[in-house]
Amino acid sequence: MIEKSACRKEMKGKLQAISKAHYEHYSYQIAQRLYEDSLWKSAQIIGITISNPPEVDTYQIIRQAWNEGKTIVIPKCLPKEKRMDFRILERFDQLESVYFNLLEPITEKTKRVNPSEIELLIVPGLAFTKDGYRLGVGGGYYDRFLESFKGKTLSLAFQVQIVNDLPKEPHDLPVEKLITNEGSFFTS
Ligand SMILES: Nc1nc2c(c(=O)[nH]1)N(C=O)[C@@H](CNc1ccc(C(=O)N[C@@H](CCC(=O)O)C(=O)O)cc1)CN2
Ligand SMILES: Nc1ncnc2c1ncn2[C@@H]1O[C@H](COP(=O)(O)OP(=O)(O)OP(=O)(O)O)[C@@H](O)[C@H]1O
């Protein structure tokens, strides 16, 4: 879809303009806000991605989860089926680089979990509306996963990623909550 790819390009430009210092500062603020959130506090098994700048940094969030005794699960894409499996990450040396700059769990070194076990899913995205609709990187992986996902969902974003409107398609599903460097809010 042309409109979505134009939006992606525009947002990538805005994100690239964030300095390293601001990237670190905002990511820290977002992480601190997340740790105070009831969705974080009440979840034992949390699904999250391995961030690739300029995405909000998730490494510090994963370390915090481990320190709090939580279980972190991360996606392994299955491109043929356009599906994702979530696998338990216990250490960063269980990761490998598969495509682009994305890191994924090494299948032989990690265990798969059933989606029904994931209590909180932190959903990546390039841009979000206040009502929780998101523009992803374009694989449709999360849209498909969310169709049958029953747990809680939230997204982490820099304030510039919150936009007034996005091109929407029937398969797009909103997340329940957004946390930015300026605040957090439920989307519905
Ligand atoms: N850090 C991070 N990890 C993540 C995501 C993300 O947004 N951020 N994902 C969020 O979903 C998934 C990976 N998403 C992907 C999306 C597209 C393609 C891809 O192969 N794109 C090709 C071809 C597209 C096609 O054939 O349809 C391309 O763009 O050239 C790969 C992974 C899981 N891991
Ligand atoms: N639930 C679904 N069922 C079937 N096809 C889907 C579904 N969700 C998305 N797709 C297809 O996947 C492709 C990518 O969708 P879209 O551009 O909305 O991805 P995205 O939301 O940016 O990516 P992601 O969900 O991985 O973050 C499109 O061709 C879309 O039609």
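Note that Cβ sites are derived from N, Cα and C of the backbone, with glycine treated the same way.
Sequence-distant neighbours of ALA6 (ATP binding site): no residue of the same chain at least 6 apart has a C-beta under 8 Å from its C-beta. Positions annotated as ATP binding site by TrEMBL: LYS4, SER5, ALA6, CYS7, ARG8, ARG134, LEU135, GLY136, VAL137, GLY138, GLY139, GLY140, TYR141, TYR142.
Other Cβ atoms within 10 Å of the Cβ of GLU55 (substrate binding site) number 20 in total over all chains. A coil conformation is recorded for GLU55 (substrate binding site) in the three-state DSSP classification, outside any helix or strand. The substrate binding site annotation in TrEMBL covers ILE50, GLU55.
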Close in space but at least six residues away in sequence, with Cβ under 8 Å from that of ILE50 (substrate binding site), the same-chain residues are THR58, TYR59, ILE62, ILE74, LEU95, LEU102, LEU103, GLU104
Per the 10 Å Cα distance test against GLU55 (substrate binding site), the binding-site residues LYS4, ARG8, LEU135, VAL137, GLY139, TYR141 reduce to none
Neighbouring CB atoms within 10 angstroms of the CB of GLY139 (ATP binding site), all protein chains considered, total 12
Given the binding-site residues LEU135, VAL137, the candidate whose Cβ has the fewest other Cβ atoms within 10 Å is VAL137
Near ligand 1 by the Cβ criterion (under 6 Å), the binding-site residues from ALA6, ARG8, VAL137 are VAL137
Of LYS4, ARG8, GLY139, TYR141, the binding-site residues with C-beta less than 6 Å from an atom of ligand 2, in sequence order, are LYS4, GLY139, TYR141
